[in-house]
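Summarising the annotation, TrEMBL assigns coiled coil to 271-363. According to TrEMBL, the compositional bias 'Basic and acidic residues' annotation covers 424-436. The domain 'Rab-GAP TBC' annotation in TrEMBL covers 1-101. Among the features that TrEMBL reports, region 'Disordered' is placed at 391-410, 424-452. Here TrEMBL flags 1-17 as signal peptide.
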Amino acid sequence: MNFFAGLLLLMMPEENAFWTLVGIIDDYFNGYYTEEMIESQVDQLVFEELMRERFPKLASHLDYLGVQVTWLSAPWFFSIFINILPWESVLRIWDVILFEGNRVMLFRTALALIELYGPALVTTKDAGDAITLLQSLTGSTFDSSQLVLTSCMGFLSVTNAKLYELSEKYRPDVLLIVEERAKIGRQVWKDSKGLASKLYNFKHDHESLMEERKSAKDSVDGDASKLEPRSLYLDELLSSLNADSEVDSLPDLQERVGWMKVELFRLLEEKRAAVLRAEELETALVELVKEDNRRELSAKIEELEQKVADLHQGLADKKEQEAAVHKVLMQLEQEQLITEDARKHAEQDAAEERNTVIVLQEKYEKAMASIALMEDRVAIAESILEATMQSEPGLTKVPSPPQTQLDSARRKVEGLLSFGLKWRDKSKGKSEESTEGKSNLSTQDKENPGHG
């Protein structure tokens, strides 16, 4: 409870912190911090059932590793996530717990942590690795908003009524276990009454004494393999002792105490040798596990390095492709600019040619009008000439000068007209070639859309 007191003292004066602590323990966690811890045991069983119901794959994996769910959830529930989660997340969870007035948020938050970090636990291959990984992951839960949202919205089915129902289901079993433990404790206290006398009688048994000396000699030599038969023999003898023997029937008290000291020192020596042997075995096992982990880690590192190299190679290839595509696009843009300039020049030339044709057309019309006027004059002159010739029969018919001038003017106009028509046909041909070039360019762009 010192964690609770430390957190409350950061928020309020000392007396207020004390009464707040009393209120939280009595109203919200009643039965958690008693000698039997009945409510805490019940909540652990309830949480285990909820977790197995929601995450069966993870529960099966933990069973395979030999990890009990209580090992994970008990520190969370007893400390209400203090020293488990970052301070901001702890305060957000406490706000919800105090606001709702029950322990529902406690279960929802634990289930949310299992949902967030359960996939990582499934990848572990050792019980110690699973517990260590979960501790490190929960300690980095700095996004309190995500945690509270996952807890409150992802586990709406976890209600106070459901928790009460499951608690009533498991409470009789917990009470039965607590009662059995209490009976065993009382029986052990009762049997200890005549233990000294029975040990003294055991000392005077010759065969037992020879076995004892042999075991003591083996323990001095450091052979831990002899400990188990001797301990089993001693346990069988102690279990056969009668609990109703009286201490008053013992012989000399000082002799009894001395023998018990020797027996105690011998047992301590055996225990020390067994502890040393166990530590050696544990050290050897840890080294083997570390070596195995190093090999697996080296293999994973090599695999990751190969993947990184492949990614770098793919990235380089992609950059080369992008450079080639960019170069093609630049060439297309340059060609398009050149084509656009040519189109503009062609349009300008066509406009100039159209203007020239219009001017020539106007001149042609003026020339035709002049020819028509001259034809009229020639007709008048011919009529006058015929009249004169009729009046004067002796005159010879000679081509009139106006007719000669008219023919020359007509030839000039026809030449000018033919030049204008040739110029117009030439202009039309250029404009058609420009239009055909633009259509061919647009057709090529449509046929090659990948370059865009």
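Heads up, residue numbers simply count up from 1 along the chain you see.
Glycine too: its Cβ is placed from the backbone N, Cα and C atoms.
Because TrEMBL annotations are produced automatically, they should be read as predictions rather than curated entries.
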Per-residue pLDDT averaged over the coiled coil (271-363), given as an integer: 86
Contacting positions for the signal peptide (1-17) when only residues 6+ beyond its ends and CB under 8 Å are counted: 24-25, 33, 79-80, 82-83, 90
Helix, strand and coil totals (DSSP H, G, I; E, B; other) for the domain 'Rab-GAP TBC' (1-101): 77 helix, 0 strand, 24 coil
